[in-house]
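Engineer: Have a look at the structure that comes next, please.
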Amino acid sequence: MKFGRTLLVAIPYTWLLVFFLIPFGIVLKISFSDIALAIPPYTPTLKDGFWQMLSGLDLENYAFIGAGAVFAVFAVLVISVAMFQIVYPRVRRALIPDARYGVFDSAAAALTTLAVALVNVALIVALVSFLFPVLKSFVDIPDFLYFAAYLSSLKIAIISTFLTLLIGYPIAYGMARAAEHWRPTLLMLVILPFWTSFLIRVYAWIGILSTEGYLNQLLLSIGIISEPLAILNTPVAVYIGIVYTYLPFMVLPIYAALEKMDDSLVEAAEDLGCTTLSAFWLVTAPLSKPGVIAGCFLVFIPTLGEFVIPSLLGGSNTVMIGKVLWEEFFNNRDWPVASAVAVILLLILIIPIVLFQRNQEEAEQ
Amino acid sequence: MAQPNTNVVFAPWDDPAAKPIIQFKNVTKRFGEFTAIDNLTLDIYPQEFFALLGPSGCGKTTLMRMLGGFESPTEGQILLDGVDIGPVPPNERPVNMMFQSYALFPHLSVWDNIAFGLKRSNMPKDQIGDRVEKMLKLTQLGKFAKRKPHQISGGQRQRVALARSLAKAPKLLLLDEPLGALDKKLRNETQFELMDIQETTGTTFVIVTHDQEEAMTVASRVAIMVDGSLAQVSTPDQIYEAPNSTYVADFIGDVNLIEGKAAAAKGGMDVHWGDHQPPIHITTDKPLPAGAHCHFAIRPEKVSISATTPKAANVVKGTILDIAYLGNISTYHVEIASGVIFKAQTTNSKRLSRRTFTWEDEVYLSWTDTAGVVLSE
C-alpha cells in the first residue's frame, strides 16, 4: 500500500527531474566549454574521453559575460531584502511606544536591534572582503553588453508587469462584479486570443504600430496628429506587445481571487463605516492579494526571458537577454557563451519562482 | 421575552405616547416587475427585540436590507428617530447589521474584526482597545482575540459577528438569520445569550428568521410577513393564541381548522359544521354576524382525548388513525367525520406501557368554550 503510493508520487517527479535535469546538465556542460570550429561547435566533447573532457572545462565564459557582476548585484539585493526582513520588524516594534513594556524596554530593544544590524553589516563586509580576490576576475567585465542586457530585461519585466497589473486588475474586477450569467462569456473573451498563434498575434501588432500602420492612419485621419508616430522598433512597442500578450495571465488569477470573495464582506465594511473606496482598500484589495501576486509572477517570469516580442517589435534599440541569447546561438554560433547566458538567466529566475511557490503555499493555508 | 426588571410590562406599542425608533411609512419596494414589499407601514420601538418571520421570498430580508441602507424604498419613507434615512448611505447610518454569512474579514484577526468599525469612526485610539476588550468579554471571546476567523468554530464566529456589529453601539442592530448556521443545541443556547446581550446593551434588535421557534423565544414582538405585507404584528403569545387569520394560525405551530357557518348563541356564538355534527360553542365578546362563513381554529394541545364521554362544552366522537410518539408528548390523529382529521396532544405523564388508547379505538375529543378562536378570513 505504502509502496504503491510512493511509486505513484515518484513517477511524475522522476519524469520532471529527468526532463529538466538532463537538458540542464547538457547546457551547463556546454557553458563550461570553449568555442571551436567543429561540429558540435565547442570543445572538449565526450569524444576526447570523460576525464579529459572534465579537465577541459572552465569558467571562462562566465567571466566573459560578467556573471560575477550579475551575481554581485543579485547577492546584494537578496541580502538587503533578508536584512530588511530581519531588522525592520524589530525596529518597528522598538519604535512603537508600548505602555506594557515602558520606555526603558523600548530603548533597550532599539539598542539591541541596532547592535544586531551592525553585526550583520560587519559580517557581510568581512565575507565580501575575504572573497574579493576570488570574485575580482568575475566582476571585471570584458563585455558590458550582457550585464546591460540582464539589467534591461529586468527593467522591462518589472515595468511591463506593473503596466499589466494596472490594466488587468480593473478588467478582473469588472468581470467578477458582472452579472453571474455574463461571467462565462467574459472569461471566454479573455481566453479567446489563445486560439490563434502567439507569433501571428505579435506579428499583427507590426501592422498596427508601423509608420503606415492602422493606428497611425486612424490618428492621421481623425486629425489628432499631423506626422505619423514612430512606435514600432521602440521600447513602447515592446511594452505594448508584452502587456497585450500576458494580460490573460494577470486577469485570470485576480479574477479567480475576486470571484470567490463573498459580496457581503464589502457590504459589511460599508455597514461598519467604510466609504466605497476605503472598503475596496481595506477588504477587496487585501483579499485579492494572492491573485495579484500570482498574476505578477506569471507575467514577470516569462517576460524576463522574452525573445519573440523584443525581436519582432523592439528593433535594434531594445536589448533583452532572450534576444542576446538567440543572437549568440544562431548569429555568432557561440554555443558556450549562449549556454552561460541561459544558465545565469535560469539562476536569476529561481528567486522569483521560489517566492511564487511560497506565495501559493501561503494562499492555500 | 426580553423585559426590563420592573413590574411594568414592557409594551411601548400599547402606549400612545411612546415614540417609535423606526417607522415604515407606506413603503413599497419593487425589483423590476416584482414587488418585494407592498405598501408596508410598521413602527418599531426603542429596546424592542423585533422579529420578522415568514417563509423565504416573503420580503423580510429586503425589509432589513432597507434598514441597513443596502436597498432604498421605491415608494414611501423609512424614518429613524423621526428622520428620513432614505438618502443616507450605509456607512453613515447609526445602524449595524449582522450578516447571515457573518461576513467576517478573513484576513483580519478576531480583535481586528471587532475593531474594524471603531477604527473607521472618530473614536480616540486609546478607547478603541478598551471597547474591543469589553465586546470580547461580553461575547466570551477573550481567548480567541488573536485567531483568524477560519481558526475558530461556527458558534465562535457567530459571536465575533455579533461583537463586531455591537462594537459601535448602534441605535439599531439588524440580525439576518443569525443562528441559521448553528446546530440545534447551540442555537438554543445562543438564543438565550442573544436575549441577555440585548438586555445588557439596551439596543433595539431587529431579527430576520424563518424559524418560528427562534422568533417566539427571543422576540418581544413578532411580525408575520407574507408576500411583501404584514399578516400580523403582535407579541408571541398573541400570535399563537389569537391569530388574526387562518394563514397566521397555520403558519405558527400546529392547528386544527374547521370550516363552518357562524350562528348566534347566548354569551358568544356557535359554529355549525359538517352534516350531522353538534355545533361548536364559543364564548366571545366579539361574535361574528350570524350566517358568516368562518373557520374555527384550535391548537392540538388544547384538545383533550378520553375513552369515555367527558363533561365539556364541546365533545366530538372519532377514531384514532395515527399516534405520533415524541417522547414527552404524543399527538393523536383522530378522524371525527369522514375526511376531517383532528389533532389532539397529550403530555406523556404516564409510561408508554400504561397508555389507554391505541389505533382504531373510538375516543372522545373535548375542549372548553374558550380554547379556540373563530377566524373570518
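Heads up, the Cβ atoms here are built off N, Cα and C, so glycines get one too.
In case it's useful when we look at the structure, here is the feature table from TrEMBL:
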DOMAIN    A:150-356  domain 'ABC transmembrane type-1'
TRANSMEM  A:7-28  transmembrane segment
TRANSMEM  A:62-88  transmembrane segment
TRANSMEM  A:109-132  transmembrane segment
TRANSMEM  A:144-173  transmembrane segment
TRANSMEM  A:185-206  transmembrane segment
TRANSMEM  A:236-258  transmembrane segment
TRANSMEM  A:335-356  transmembrane segment
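Each of these features: where is it, how hidden is it, and who are its neighbours?
Structural biologist: Through the fold, the transmembrane segment (A:144-173) approaches residues 65-66, 69-70, 190, 235, 238-239, 242-243, 246-247, 249-252, 254-255, 258, 284, 288, 291-292, 295-296, 299-300, 303-306, 310, 318-324, 341, 344-345, 348 of its own chain, all at least 6 residues removed from its boundaries and within a Cβ separation under 8 Å.
Here the transmembrane segment (A:185-206) has Cβ contacts under 8 Å with residues 171, 174-175, 178, 213, 232, 237, 240-241, 244-245, 247-248, 251-252, 255, 308-309, 312-313 of the same chain, all six or more residues outside its ends.
When Cβ-Cβ distances below 8 Å are used as the criterion, the transmembrane segment (A:236-258) is approached by residues 156, 159-160, 163-165, 167-169, 171-173, 175-177, 187, 190-191, 193-194, 198, 201-202, 205, 209, 284, 287-292, 294-296, 298-299, 302-303, 306, 309-310, 312-315, 318, 320 of the same chain, each at least six residues removed from its ends.
Proximity of distant same-chain residues to the transmembrane segment (A:335-356), defined by a Cβ-Cβ separation under 8 Å and at least 6 residues beyond the stretch ends, is recorded for 24, 27-28, 30-35, 40-42, 61-62, 64-65, 67, 70-71, 74, 78, 146, 150, 293-294, 297, 300-301, 304-305, 321-322, 324-325, 328-329.
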